[in-house]
Every structure is written in structure tokens, then in C-alpha cells.
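Going by Swiss-Prot, these are the annotated features:
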- Ala132, Thr133, Gly134, Gly135, Ser136: AMP binding site (BINDING)
Amino acid sequence: MSQVEISELAKEIRASLKQFPNFPSEGILFEDFLPVFTKPDLFQKLVRAFQLHVGEQKVDYVVGLESRGFLFGPTLALALGAGFVPVRKAGKLPGPVFTAEFQKEYGSDKFQIQKDVIEEGAKVLIVDDILATGGSASSAGELVKQTGGDIVEYLFVMELDFLNGRDKLDKPAFTLLSGQAEKLQN
């Protein structure tokens, strides 16, 4: 892995982000990474940075969390020669599913994964846009374990460090862009 190349790619990607103070609620600095997808070269750089990080590590599946993990998860899976598996909100997937509940800031939610899509012992990456409290990522990890998959690592574009979400994860986590160390000060 070329850490220097990953750092250079991260700088270019960070420069394209838009910031929105106090969105979606007071005290939050929302960093919108959607502009990355309006420029094909930046989108390719995002995928390339994650691909460089993963390196030669064998990956069978990339699991993307609804909904922003769906934006780059399939493209990363393709670049890695892996399959893509979605984790969705409850009631959105057909057939037999595993379900895991997780806590959000204002209540709880449920994620699901189809039961027959990941083979026992398959190597899995879990991807999402932001690591915040760690609840949704941890829930996705629980689902992968229920399928018999082996989590290799969690990958995120950004992290809200002050929420300590990585403490809820039982496997290594990589964040491409340096995170927010503290809550927005007004």
C-alpha cells in the first residue's frame, strides 16, 4: 500500500467536500461528500484510495450500508474483484433475512441482510460514508457474523472522532479523510 498516494488522493477528495454548519441539527458540522460523485475523476480517486488501502488482501464481499454505502460499495467491490452485498433497513429485502437492531440518537432502527448471500468463512469488508456513533456499522458487523462471514475491516470516508464510534467495532476500521475531533462550536 502506498500511504503517500492515499494521502494525496485524500487531499483532493477533501477539497471537493461542502460543509453545512448546524445540519441536520444544532452543533453538527455536516460534511457533504456527494460532490465527489459529480466528477468521475474524483469518484475514481475515492475508489482507488480504498483499493490501495486494501492492497493484496483477499476480499470475497464488500457489504455496503444503506444508503450512502451503496454509492461507492459496488464500485469498490468491482475494483477488488469481489461481490457486493447490501445491508438495508428492515422490510426492504426479499426472502429470508437476518435482522439486527441498533440504537440511533433518537431511538432505534433495524438493519437486514439476506441469509443466503455470504458463504461461511468468506472475507468481508463493510463500507459506509461516516463513522459516527458506530451503531449502524456494528449492527452490519453483527449481520455479517450471522451469515458466517469473516469481517476483515470496516472502511469509512469520514469519521466523527468525538463520538468514539470505533470503540463499538470489533475489527479494525480505516477512515480515508481525517475526522472531526470535536463537536461544532457555535
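Using N, Cα and C of the backbone, Cβ positions are placed for all residues, glycine too.
Worth saying up front: this structure is predicted, and the values here are computed from it rather than measured.
Fewest other C-beta atoms within 10 Å: among the binding-site residues Thr133, Ser136, that description fits Thr133. For the binding-site residues shown (Gly134, Gly135), fewest C-beta neighbours within 10 angstroms: Gly135. For Ala132 (AMP binding site), the same-chain residues lying six or more positions away in sequence with a CB closer than 8 A to its CB are Glu159, Leu160, Leu163, Gly165. Taking the mean position of the Cβ atoms of Ala132, Thr133, Gly134, Gly135, Ser136 as the AMP site, the remaining same-chain residues with a Cβ inside 8 Å of that point are Phe102, Lys104, Leu131, Ala137, Ser138, Leu163, Gly165, Lys168. Mapped onto three states, the DSSP output places Gly135 (AMP binding site) in helix.
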